Every structure is written in structure tokens, then in C-alpha cells.
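All remarks here apply to the structure that follows.
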Amino acid sequence: MHTIAAIATPHAAGGIAVIRISGDTAISVAQQCFRSTGGKSLAEMSGYTCVYGSFLDTAGSELDDGIATVFRAPHSYTGEDTVEFSCHGGIFVTRQLLETVYAAGVQPAEAGEFTKRAFLAGKMTLTQAEAVMDVIGAAGKRELAFAHAQQNGALFHRVQQISQGIVRSLGDLAAWADYPEDEIPAVTPESLHAALQPVLEQLDSTLATYDYGRILQSGVSAVIVGKPNVGKSTLFNLLSGSQRSIVTEIAGTTRDVVEEQIRLGNVTLRLSDTAGLRETEDVIEQMGVKIAEERLAQADLILAVFDTTRPLDDDDRRMLEQLPEKPVIAILNKSDQSAQLDTDELEPHFSRVITMAAREGSGLEQLQQAVEELFYQAEVTPELGIVANARQKQCLEQAREQVQLALEALDAGELLDAVTVLLEEAANALLTLTGERVSEAVVNDVFSRFCVGK
Ligand SMILES: Nc1nc2c(c(=O)[nH]1)N(C=O)[C@@H](CNc1ccc(C(=O)N[C@@H](CCC(=O)O)C(=O)O)cc1)CN2
Ligand SMILES: Nc1nc2c(ncn2[C@@H]2O[C@H](COP(=O)(O)OP(=O)(O)OP(=O)(O)O)[C@@H](O)[C@H]2O)c(=O)[nH]1
Ligand SMILES: [Mg+2]
């Protein structure tokens, strides 16, 4: 395939930067950009060897010194001939070296193109390729364990098992059609139904892992809400370890949503601080309130904050009514001062109530514990495989729908041909999931979400 190149390391100053060149002419084009100190040509080198020398600029003058590593097809990440240049990690130096490589006749790599080539070369399945980005994005030990399990084919195998169930039923249907009347093996609509029911259940249990997969991958979207001045921004700053959100004693301080990704124990939160919820004449504050209400609807987790130094009032009560049906943790803040809040009215609304003094930093352990209880699913093991993204979920939903329709068709006594068509569609949806039978458009879509250089 035509030769591509990209910077594989972050586009920032660093100790070393790596430029990866992969494709049919990788070694010869790399040779045009590099002179080894000992006079060795890259063409003479075997795979997995490296050599020290100088990188050249487009005019052929020395640009930097560094290391070139040669990989020989098929033993490389992409399965193609590959050369990696490790140069000094300056943004300008790296960019200049990349220009030299382009000038030697190499195309810029598209997002995810190296991994796409690895997939097309049969080095990995589509779900394994998707897991590469999850390894990069993993925020902690557990996230990494799940990404590694996916890289090892956890979901792939789980889906293959489901496929086998469908294929077995398709085989039975074919036998039914092929045998003359009197030789029909023991295939009946009832037996087909009994064989497909577990398939439906496997699809459901696999689909059920999606919510957890999403949280592992992108974190829990959490929103801090409450009436003005209860200490939402103080809590936000405490959790994010920053002073990003402005804190004052004036009610109505926060208007824009302030966001940070934070780690609380074993859980990543995408945390938003919002404007205090109240009825107000101030147009800007009204807009802040509106955005806060939208966030409330989208969040996975709500941290509802109350000020214990004041009795519950109408603003608090209005907020209580606005809380959607989703995980909520009530935070009784300012516990360092004498309490005026009667918690009896609050408790029926919340299964988790935590007393804190955000300004002092107390109550954080209890909050962490509550969040982990809600979102850290220790019992889910990585090896079983989880649905890691929306594309995979969509394929499973499609398969589920077809199997469901097939079951209904069987019950309704419809022609077995109709059942066959439905099951073939279900099997196809699963082949799309694993990438075993997938359109170019789907493949392109998957890899377009990757970073350039991966
Ligand atoms: N320098 C460097 N480090 C890197 C990468 C890379 O491309 N370059 N990777 C990029 O993501 C990851 C490693 N991925 C790789 C996967 C397979 C092969 C490889 O050579 N595979 C051969 C040999 C396998 C074997 O010995 O068992 C093969 O598949 O035939 C190389 C890198 C992380 N570290
Ligand atoms: N005593 C005490 N005061 C606190 C505590 N947390 C916050 N405060 C004070 O409460 C006031 C309001 O805090 P903010 O964090 O700005 O409150 P908010 O809920 O973000 O307010 P708005 O943005 O206006 O909705 C500030 O004067 C804080 O210092 C606490 O734990 N104890
Ligand atoms: Mg605030």
C-alpha cells in the first residue's frame, strides 16, 4: 500500500518524538531523510534493528541527530515495512523532519490509518482495534484491564459465541428445507424457538454491559446542582483540586457551566458546576439556570447540594421537584457551622445523604464511597467482554431486533424462509460488529475517531 507517515507522539515539546513511516516504500523513503553515522543503509538492516545517525531537512542539510528503527513486513504494527524516526522532541524539529519525509514522496497518514492497516492486514479484529484507543484513554488500572481484555478479544469471543447460536439455527433451517418430507430431522418451530431463546438472552446480557462500558471509557457525567450560595462551586473546587470556579458569598455567582475531569477513588467524573437554581429577574442568571437544568437532564449522576446553616426554603423544594429519576447523592454542606436544616423533609428523596464541609474539605471520603457504590462494579470481570462504544451497541441492538422478530415469526407460524432471512440479518449485524464482514464506510468511520499517528 502507498506509504504514509505521521508524528506518533503528542504534538508538544518532549524529550523525544517519534515519526512513523509505513508502507511499501517506507525503507527507501526513510533512507532519503537519514544518514547513519556508520554509513549503514537502512536497506541492509533486518527487522527490529536500529541505527544512530542524522536526520536531514528538505534541502539535504543536517536537521537533528537520532535513531531510525526498521521493521520488516509482516512483523510490524501495521504488517507493512515500517521505519520509525526518534528525533529530539521539539515541535519545530519534529515538524521539519515530517516535511522531509513528505517531500520524499510520502502521504500524510489519516486519523487511525496505521491501526486501520493493521486491521486490514488481519493483525487484529475491529473490536480489538477499537480497544487500542481505550488503552490510550484508560484513566486507571481497572479501565486499562478492560481495554486489555478487549485487545485480547474478550468481546470478540463473546459475540462469536452468540453468532454460533444463530448459525446453528440457520443450519437447522437449511436442513428443514433440504430434506424431503419424510426424512425431516427433528426440527420444529418449537425446537427452533427453544434454541433461539438463549441467543436473545445472551444478546440482552451483552447489551446490558454498555452503560458500564461507557462509564469506563468516558467517565461518569456528574452535575453539581442546588439553589444559589449553598457551596456548589466550593465543592467543585475541592473535588477538582483547583480554584477554577469563582466562589463568593453573593448568591448567583456562577452562571456558565464550569467543567473538569476528576478522579474520585476508582471512578472518573466529568464534573460540572452550574448556576444556582432559582427564579430570577437577571437575564444572564436565567440563562445559567436554563443550562443547569439541561445538564440535570443529561447527567449520569447528580450531586444535590443543600446549605445546612439555613432552613429548607422554596428554592430547595423546587429543586427537589426538578430532580429526574437517576442516581442522586444529597450533600448537606457547611456542616462546620451550626445546623438549621431539618433533614427529615430531605431524607425520603435520597437514598444517599452525605454531610460535608466543602470549604474545610471534610466528608470527601464518604462522597467517594457513595460514588464508588454507584459506579464501581467490582463484580464485572474484564475477561467477559463489554460493549465499549455506541457502534458496537448498535450492531447488537440490530441483531437483537432480528432475533426477536424471528422468534415472533416462529410463534406466528410464518414460513421458515422468513425466519431464515431474519436470522441471516442478525448474523450479519454481529459480523459487522467484529469487523468480519463490514463495509468500507463503517471501517472508515471507526478509524476516523482515532488520533492521527495511531
Ligand atoms: N516503537 C514503537 N512502540 C510501540 C508501538 C509502535 O508501533 N512502535 N506500538 C504501536 O501501537 C505499540 C506496540 N504495538 C506493536 C504491535 C506489534 C508489533 C509487531 O512487530 N508485531 C509483529 C511481531 C509479533 C511477535 O513477535 O509476536 C507481528 O505482528 O508479526 C509491533 C508493535 C506500543 N509501542
Ligand atoms: N461555613 C462554610 N461556608 C461555606 C462552605 N462551603 C462554601 N461556603 C461558603 O458559601 C458561600 C457560597 O459558596 P459558593 O461555592 O460560591 O456557592 P455556590 O453554590 O456555588 O453559589 P452560586 O454560584 O451563587 O449558586 C461562600 O462564601 C463560601 O465560602 C462550607 O463548607 N462551610
Ligand atoms: Mg457557584
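Glycine too: its Cβ is placed from the backbone N, Cα and C atoms.
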Listed in TrEMBL for the (6S)-5-formyl-5,6,7,8-tetrahydrofolate site shared with Glu84, Lys123, Lys454, one of Arg20, Arg214, Arg391: Arg20
According to TrEMBL, Thr248, Ile250, Thr253 bind K(+); which one of Asn229, Asn237, Asn266 is listed for that same site? Asn229
Neighbours of Thr248 (K(+) binding site) among binding-site residues Glu84, Lys123, Ala275 (C-alpha cutoff 10 angstroms), in sequence order, are none
Where the criterion is a Cβ under 6 Å from an atom of ligand 3, which of the binding-site residues Glu84, Lys123, Asn229, Ile250, Ala275, Lys454 meet it? none
How long is the line from the C-alpha of Thr254 (GTP binding site) to the C-alpha of Glu84 ((6S)-5-formyl-5,6,7,8-tetrahydrofolate binding site), rounded to the nearest angstrom? 49
Determine the mean pLDDT over the domain 'TrmE-type G' (219-376), rounding to the nearest whole number. 95
Near ligand 2, which of the binding-site residues Glu84, Lys232, Thr253, Lys454 have CB less than 6 Å from any of its atoms? Lys232, Thr253
